[in-house]
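**Q** Questions regarding the structure given below will be posed in turn.
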């Protein structure tokens, strides 16, 4: 099998393989020949601009024969997904808490003598709880189908979370911040709490859906936990709860930057949800027809 680069078609290697060898085994052979191309950095394709191939596919299953060619894309330096998530989530937690606990650094010395609204105190608890929950889920709940991602994406992702954290925290903790009425804040806080619990319930269900060390995929269905019933309506209820939580946070604080953060998050999660929804329907012929991607009955 000839291994060619997707960039310019340069011959990288020629491998002698068994028809029952998987692409994962071919990656190991390439790594022996090209030490910088460790397996997680490689992606095989049958065409230079084609779709990346499943590394668990065998040579025979792909219809490859003697003198066939495979194209290899160098994905660049990689970083573990767990490390990415921990970095993304620890940043906004500490940035928000830093601004909350040190107002004089951002608003001047007089800020320490200014009273802070009760909503601002509740907001920091909600914010720290949310990202603390994410960190703990990353460590103990999530099972990643992909081990790594390109290092270059880490800087983009961290910038998104960290800058938005500073933007939201600066406004909510500002001495001139005006909170909404208590009834609005408490109702929104209750809705936020339900969404946080629902998000965790979905993550726990998805964890138990995939056996440890496996990439097996199953149709997710509700369990006895009532918060998982949302699976009857959407394919990605974890995103639905996530967006709902940030909408509730926005209503609780009545803060425009929080609303912008909620909208930006919804836009990205809607794209992910639509992609996962399509994949579910493609992979499972008996996939429930009534489900939408992220918004029940709508999207």
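Glycine is treated like the rest: Cβ placed from N, Cα and C.
So TrEMBL says this about it:
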DOMAIN    1-72  domain 'Ubiquitin-like'
TRANSMEM  79-99  transmembrane segment
TRANSMEM  119-136  transmembrane segment
TRANSMEM  157-173  transmembrane segment
TRANSMEM  185-206  transmembrane segment
TRANSMEM  227-249  transmembrane segment
TRANSMEM  255-275  transmembrane segment
**Q** Quick one: do the transmembrane segment (255-275) and the transmembrane segment (79-99) reach 3+ CB pairs under 8 Å, ignoring pairs fewer than 6 apart in sequence?
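**A** The transmembrane segment (79-99) and the transmembrane segment (255-275): touching, no.
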**Q** Determine which recorded stretch among 79-99, 157-173, 185-206 has the most C-beta pairs below 8 angstroms with the transmembrane segment (119-136).
**A** 79-99
